[in-house]
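Participant: Please read through the structure below; I'll follow up with questions.
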Amino acid sequence: EPAMEPCSRRFPAVRAAAVAVALLRYRRGGPARALRLRELRRASTEDIKDVGHKYYLELELEDVLDKDSTVNCTAEVLYHLGNKNIAPDVQFTLEGELKSTEEADHVFYTRIRSLEKELVAENIPDSHGHVPPELEPLHLLAWVASGYLVWQNSTENTQLQLAQIKHVKQVRRSDEYLQFDFVVLLHEMVSQ
């Protein structure tokens, strides 16, 4: 096993953690759950010859809707050398269980299904950072979707995050599924 050097550069480790959390959000998030980084507990890096740069991370995550609900996570993020078109490889392991959101998800689903017209909304949050409570589940779904975009488009030198939903429109379907088209703004933290 290669010797690990401690992460002397904090910011690259924070960016790697953001990628891991983005993928976690995409895989485990929903209209009633959004995970975010509470603390980056430990980080180390490894240069893998002719392959890339790997980060080993220990994270504490919290649910934005229930800050008392935390879960520990270990993650590995590998950025491939040279090729900017390959998403980082991310492996993660959650320690413990996330609280079930089945009931809240069902309430959201039933509310949207009962609308007479397809839901349409813009500018979430608004210019004051406010998200109307009835649109919070859509905001969290945008976080889920943007988690995929962040993961796919991240490099070792970027830190992308959802800034705003410019526009969201429910798509009418003939089956029992819900579908939304989002136009989102991502903010690149490093270059501002």
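Any Cβ shown, glycine's included, is placed from N, Cα and C.
Any TrEMBL annotation is an automated prediction that lacks curation.
OK, TrEMBL features for this one:
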- 1-100: domain 'Cystatin LXN-type' (DOMAIN)
- 120-192: domain 'Cystatin LXN-type' (DOMAIN)
Participant: Give me the mean pLDDT over the domain 'Cystatin LXN-type' (120-192), rounded to a whole number.
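Facilitator: A mean pLDDT of 93 is what the model gives the domain 'Cystatin LXN-type' (120-192).
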Participant: Using DSSP, break the domain 'Cystatin LXN-type' (120-192) down into helix, strand and coil residues and give each count.
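Facilitator: Taking the domain 'Cystatin LXN-type' (120-192) as a whole: 21 helix, 25 strand, 27 coil.
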